[in-house]
Amino acid sequence: MAKDTTGRLRVTVKTGGKRKLSSKLWLERQLNDPYVAQAKRDGWRSRAAYKLIEMDDKYHFLKPGLAVVDLGAAPGGWSQVAARRVGAVDGKGKVVAIDLLEMPEIVGVTFARLDFLDADAPEKLIAMMEGGADIVLSDMAANTTGHRKTDQLRIIGLVESAAAFAADVLRPGGTFIAKVFQSGADADLLVQLKRDFRTVRHVKPASSRQDSSERYVMATGFRGTPAV
């Protein structure tokens, strides 16, 4: 074991057998990530839970009694946080979640295995919600091709679809948060969000890996109807 720049012991993984270099690097990153270890100790499904916790601690949008939609929920870190903070675990608030992958049950969360981009997915989600939403969360990420420009366009297209859904289901004053990547390709998205919401900002939580271009667009104060 070696020490990293903070003085912590760093775990290294040997490449052997059928393990690819990319798998080795991913495993090393997981083993040396303090948020991964902390998530296990705190009972969160993933390190992503801390990103939502940080954002809510600062901006206070997850309030008791609110209804939340979590798009791209698996393995469930964000759904866990949302369910606790809006009181869904006690039947006060509501959390509805979907993902392409199966997700083990979480107390207070209604889950369906759905592809958000399927034509009938929004209708199914609305039926699950049994009413409007106060918050739409999206930690979805498109499959990457390795071609940077193509990947940027894919993720922006996914976020634009999530934003359009949010505009259909959010109650006035609602909040929309989605994962994006710093690229400059989201100019049109920001224009639309600024029409529909009173405040739009980019947020990069401390728990988001610093070597990643990942950040979140946070739109608050939904106007109720798009501004003309």
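Just so you know, glycine gets a Cβ as well, placed from its N, Cα and C.
Pulled from Swiss-Prot:
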- K179: active site, proton acceptor (ACT_SITE)
- G76, W78, D99, D115, D139: S-adenosyl-L-methionine binding site (BINDING)
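Per Cα geometry, D139 is the residue among the binding-site residues G76, W78, D99, D115, D139 nearest to the residue listed as 'active site, proton acceptor'. The number of other CB atoms found within 10 A of the CB of K179 (active site, proton acceptor), across every protein chain shown, is 22.
In the three-state DSSP classification, D115 (S-adenosyl-L-methionine binding site) falls within coil.
Taking the Cβ of W78 (S-adenosyl-L-methionine binding site) as centre and 10 Å as the limit, one finds 28 other Cβ atoms among all the protein chains shown.
Whole-number maximum of the Cα to Cα distances across the S-adenosyl-L-methionine-binding residues G76, W78, D99, D115, D139: 18 angstrom.
Close to G76 (S-adenosyl-L-methionine binding site) in the fold, though at least 6 residues off in sequence, lie R45, S46, A97, M103, P104, I106, V109, each with a CB less than 8 Å from its CB. Under DSSP, W78 (S-adenosyl-L-methionine binding site) is assigned to a helix (H, G or I) in the three-state scheme.
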